[in-house]
Amino acid sequence: MNGSHHAFERYEAIWLRVVLVMILVFLVLIAYTALNYGQTIPRGAGRIRAGEVRAGSEFANPRLEQVGNEYVAYVQAFAFGYAPGEMRVKRGRKVTFYVASPDVVHGFMIERTNVNVEVVPGYVSKVGYTFDRPGTYKIICHQYCGLGHAKMLSRIVVEE
């Protein structure tokens, strides 16, 4: 019995080392990817009182503005929709989205892109993307926000 007990301790020590090495490898890979490929966590662009999203802020008038060769979009995510409902941009131009919610947590995901942020009341989410292909891109809420969640859509039309 005593010999088998030592065998178990030896196997436990081996597996513990294997797990520690795997964790170390994963951490190194994550750090390497973040530093060399620009993979970073989206950061908020600031705070906003939820009541000011609909009145008294940049978001009171949801819109898409052209600034030089780029666009800036101020988007409201609310139950159960987005404003503006449609945005039109030229192909190859960068669009910076500022998104805020006056009510509950929503998602802001643009299909066929890597744009995917969480919109939390009290915070402004900021994300940018350059649309290189013309077409229509749906904006989808990926956070369940109530019974009308499935109808919470908007779109971006990218023109030549």
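Backbone N, Cα and C define each Cβ position, glycine as well.
Some features that TrEMBL has for this protein:
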- 14-35: transmembrane segment (TRANSMEM)
- 64-160: domain 'Cytochrome oxidase subunit II copper A binding' (DOMAIN)
- What are the helix, strand and coil residue counts for the domain 'Cytochrome oxidase subunit II copper A binding' (64-160) according to DSSP? 3 helix, 58 strand, 36 coil
- Item | Model confidence over the domain 'Cytochrome oxidase subunit II copper A binding' (64-160), averaged pLDDT | 95
